[in-house]
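Per TrEMBL, [2Fe-2S] cluster binding site is recorded for A:82, A:87, A:123, A:127.
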Ligand SMILES: Cc1cc2nc3c(=O)[nH]c(=O)nc-3n(C[C@H](O)[C@H](O)[C@H](O)COP(=O)(O)O)c2cc1C
Ligand code: FES
C-alpha cells in the first residue's frame, strides 16, 4: 500500500509538522486522523507512530484510553444519545433502550448492514434542551420518546 | 499592531466611530441551544432581509454568545444604542424575521415573544464573567476591545508590577471555579516565587461534569476574556507560554478560541514584546479526548504531553513540577474570565460582592425539571430557594421539588428542606455537597434517588483511569451493590457494606475522581435513607 499517495495522510502529517514532530503531537494527530478518515484504522495508527517515532503500543494505548477515539468506522448514519445527567433525568436512558430494541444492537454498535450506529455521549453541553440526540451530528433537543425514534426513521429512509 | 494603552483606546474609539451611523443592533444568540434550533439560518435570513430593506446602515445584525435563558431558544435581542435599551425576544422562529425587521421600522412589536425584563431571572443576576455574553460578537476582536477588552492587560503592562496583580487577585478573594475552590491569588503567588526559566499557564476547559456547560458558554461567547485573563496571569507569574485544554466535544469553542488567538496575535496582543513592554506570551489550544479524569490537574498536564491522561500522586504539585516538569499554573475557564474585571475594577470591588469566604459571583447551569433552564450568574451567598424558585421559575409543571444535585459526579444531592441554605463553598460542603463547577440539576418527585446514585457511580466506574485499585475495583463493586438496591434485591448487610465501601474508596483513592466518587451515594443515604431501605428485600 502506498500511504503517501493518500491525500488524507497529508492532513495528518500537516498537524504533526505544525507541532514540530514533537511527541506531544500524538493526541492532536489522532484527532486530525479521525476527522479525515472517520475512524482510526491500524494503518493510520502505524503511520502516526512512525512519523512521531513512537512505539505502536504507545499510540494504540493512547487511542484506546480516550473515549472520543473510534477504532471502527461508524455506520452510514449515527444517532448519538446524550447520557449526561440533565438528559438522563429527562429520560435519555429510555431513548437508548428504545433505539437498541428497534435496531437489535447495543449502544456503541452498528447494525450489520452498516446503516446506523447507535451511540451515547457524555453530555454535549446543551443541557437546557434535554433530552438531546445528535442525528448525523445535528443536535435535536426537547425530544419525546416517539419523536426520538421517528427522527431515526426519517434519517435512515 | 496595538502597542500601548493609548493605541488600544484609540482602536476602541475607531470601532465605535465606524458604527456611528448604526443606531441599533439585532443580536442573534448562536450559543449551543439556540444554534441547535437553527439560529445560524435565522441570522442569515435576518441579515438578508435587513439588507434588502436598506436598513443595514441603521441596524447591524450580529451573532452573539449565549444569552442565558436557553429554555427560550432561539433568543434575539434588539439593542437601541442611544437609549441603551435592550429588549430580548424568546422562542423566535424563522417566520418571525419580518416582525423582527419591523421592530427597526417601529412597525411591529413582536409583543408576544418579548421577555419581561423585570422578571427575577433578569433582575437578580449579576454579570461579570458573562458581561459580554449575548452582547459582543465573539468572532470580532474589535468588538471586545470596543467593550473595554484588553484595557486591564495594557494597564497592567504599563502601570503595574507583577506583584501588584497578584495582590489584587488576593484582595479579591477569588477562589478557583473548577470545583476545589483553592484561592487563586495564593496559587499564583506560589508559582511566581519559584525560580525557573520556563513556566506554563494552563486553562482547564475540559468541563467533564455532565450537566454543566458554563465553561463552554464562556469559551464560545467571549474567548478574548479568557486570553486576557491568562495573559495577566502569565505576566504576574513570569510565564511566556500557555495552553487551553478544551474537550473535543466542543468543536465550536475550539473554533472560537483559535480564531481569537489568531486575531490577538495579529494585533500584537499575543506574541513578543506585548505593548512594547518586554513581556512575551503565546497560547495554543489542545484537544481533550473525552475522558473525565483528564479534568484532574495532573492528568490534564500528562494529556497535553500526549499521553494517556492518568493522574499521579501529589506532591510534587504543579506549581513546582507541572507541564514537562516545569512550574505550571492551572486554572479553570471561569476563574480566568474573572481576572480582567478584577484588575480593571480592583480586588476590593470584587470582594465586596458575595460572602466573606466566597466572594464575587458564580455561573450556574440550571437544568433538569426546572422552568427556566439555562445559564445564570449570581452573587455568591444567594439562597438555593431564590436560585431555583425566583430565577429558575420553579419546578416544571409546579410539581414538588425533591432534590437538587450540585457538583456533578463529585457532588451530592440536597433535599427540599435545605432550600434556604446559602450557595457558597462552605455552606454546600456543610450539607454534604459541593459547589463543583456549577451544574445544578433540579429533580422533581418522580426522580428515584437510588437510580441517580447508581447513574453517577456508573459514570465514575466508566471514567476511572484504572491506575489505582480502590477506585477501579471500588467503583465497580459499588455500582453492582447499588444495582441490587435499585432492583430491590439487596440484603441488610449490603447496606452496611455499601456504607463501608464508600468510606474505603473515599479514603484510599489516588486522585479526586475516586475520592469523590462515593459522594452522591453518601449524600443520598444521608437525606433519602428510606429509599435505600425500600431497596432491601424482606427475608
Ligand atoms: C476527576 C476530576 C475531574 C475534574 N474536572 C475538571 C474540569 O473539567 N474542569 C475544571 O476546571 N476542573 C476540573 N477538576 C479540578 C481540577 O483538577 C483543578 O482543581 C482546577 O481546574 C483548578 O482550577 P481552579 O483553581 O481555577 O478551580 C477536576 C478534578 C478531578 C479530580
Ligand atoms: S446532559 Fe445532555 S446535553 Fe448536557
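The chain as shown is numbered from 1 upward.
A Cβ is built for glycine as well, from the same backbone N, Cα and C atoms used for every other residue.
DSSP assigns residue A:87 ([2Fe-2S] cluster binding site) to a helical segment in the three-state reduction. The binding-site residues under consideration are A:123, A:127. Their Cβ neighbour counts within 10 Å are lowest for A:123. For the recorded site, residue A:82 ([2Fe-2S] cluster binding site), the DSSP three-state label reads strand. In the three-state DSSP reading, residue A:127 ([2Fe-2S] cluster binding site) counts as helix.
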